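J.: The structure's right below; bear with me while I get my questions together.
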């Protein structure tokens, strides 16, 4: 579909995939919901109608140095977001009245989310998409299903069990990182930065072979997080590392996968102990840069998360066939919403992140900081982080990492690169019968208790 051409998948009409989030919420509510469906929508509808104050982060996204020029060059997005032809600034009130109408229909209907997929909103939605040149059909919407899957899980030391999202999400990559590192992390910070970076590189090499298990055979890959032999082999390589390797093949990488981008993560712990971590996304900021003018829905660019044939990267590695586009297939994602329970089965840590390919490494570091270094959840989230995803071959670090650690990484052969805040973790933790929650200062947010 996008063979050899990156830009067709990055934005515009061919980048739009069937939206799935709403159907996922509907299925979850049908099985586990307690509150009436219509009540869940009232806060969002109210915000759409009354408006929200534009904060600095949103204003920056709307600005000339952000996505302002791209928004203003898109007729459908400009109509939705730029009232009177001007994008909002800090302190302005931002409203989405058309989206409020759509949400009201979905909230009040006994068919709920089905109104978008096979109901009174479908024809309008598809007509808008066709006007924009998108190729999604009524049949595509009618046939879409949210699929229940078993989580991936591993046992961790101190009798904890970690559960995370299965492929094509990246829970298996997160759990691999944790299993590799749990027995080699020490009190030596200089050794730890090397070990963590190497674990990230091995994990992202494996990521290049992941796809939708409904279309690809992932049995061998899935078995690796439970293989003592495989885990020991990686640990041995890390412990023997004096100089990092700078060829992806040295870590077992056979293919490349595309970067993914913006997301939102929410974590919830209920009074009865139920725990939820949910990650949602339209991929990049403002998705495809297109909007359905009659429903107020900003359209995703999730097709960009698939690999495209005939695009060879700078390391001369081909794209991953496991992540090629097929009808009905779901693309690879960095999302890894995670719940960790104690030996009683009670939720000990509920976490997840936003931030594209940084999601997995950020979540891993927060878990390690909380479980293994006994930091408070706020400390675990706030502490500066590192990141390595094998492509590009550079160790990225946030401001605040000690210089002696960076010097150690450089001495080991790492190319290092300072980056700004690029991921945002949300977390709820239970420790000694005390429940604490934290959002990430890197993007802002809030916590609430009822």
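Each residue, glycine too, has its Cβ placed from N, Cα and C.
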J.: Can you pick which of 345, 352, 356 TrEMBL lists for the same L-glutamate site as 281, 282, 283, 305, 333, 334?
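T.: That L-glutamate site, as TrEMBL gives it, pairs 281, 282, 283, 305, 333, 334 with 356.
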J.: What does the structure give for the C-alpha distance between residue 263 (active site, nucleophile) and residue 281 (L-glutamate binding site)? Integer Å is fine.
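T.: Residue 281 (L-glutamate binding site) has its Cα 4 Å from the Cα of residue 263 (active site, nucleophile).
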J.: Hey, what's the Cβ neighbour count for residue 283 (L-glutamate binding site) at 10 Å?
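T.: The Cβ of residue 283 (L-glutamate binding site) has 24 Cβ neighbours within 10 Å.
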J.: Assuming the binding residues for L-glutamate are exactly those in the record, 281, 282, 283, 305, 333, 334, 356, what is the maximum CA-CA distance in angstrom, rounded?
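T.: Answer in Å: the longest Cα-Cα distance is 13.
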